[in-house]
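Visitor: For reference, the structure I am asking about is given below.
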């Protein structure tokens, strides 16, 4: 088992480059323009923290189900696979434009029309709920909070970053992995919520993909060169 610091550092770097231009990053930026920022930030962060803890728990449990030697080899292959995947995406990208930002915005607009709600309608409904009994709970678990939570939680489910977190927690100290992941999620999500669409549109998906690919390859090489007890 590696040190907490090593798990923290690798998780922080991996999560940051995976999330800074991810779909959930763009979703947080767009939602923050339409709804109260504190509710969007709370919902997005809650979902990402829960997902990080779940992923790290799965990774921690993996060596107890199969041998640590096999989990180490699987993790190494995951790093190389995700590295090549990210590099391919990076080389395939055109310029610095954000096509994914436009896709996420279109999906959110479609969802908004399907529900027949506008941000103002949601705010009015929230104000009415506050006047009812259990005002504290309805304020905390507001429709906006739940919307931000669900979009980010299901957006991360089965994503490359989730699988990488599982693999990293199987090979590194799980506490360090969770801590590094949470710090990175906080930094990325806060930047998205504060910066909004203007910041998101300035991010080059190509540079992010190439940086993430190189980082995954480095992790793969380091994992390959690291001996592990059976």
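Placed from the backbone N, Cα and C atoms, the Cβ positions cover glycine too.
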Visitor: Among 112-132, 175-195, find the range that Swiss-Prot records as transmembrane segment.
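Guide: Feature transmembrane segment in Swiss-Prot: residues 175-195.
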Visitor: Select the range from 12-32, 39-59, 71-91 that forms the most Cβ-Cβ pairs under 8 Å with the transmembrane segment (207-227).
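Guide: Out of the listed stretches, 71-91 contacts the transmembrane segment (207-227) most.
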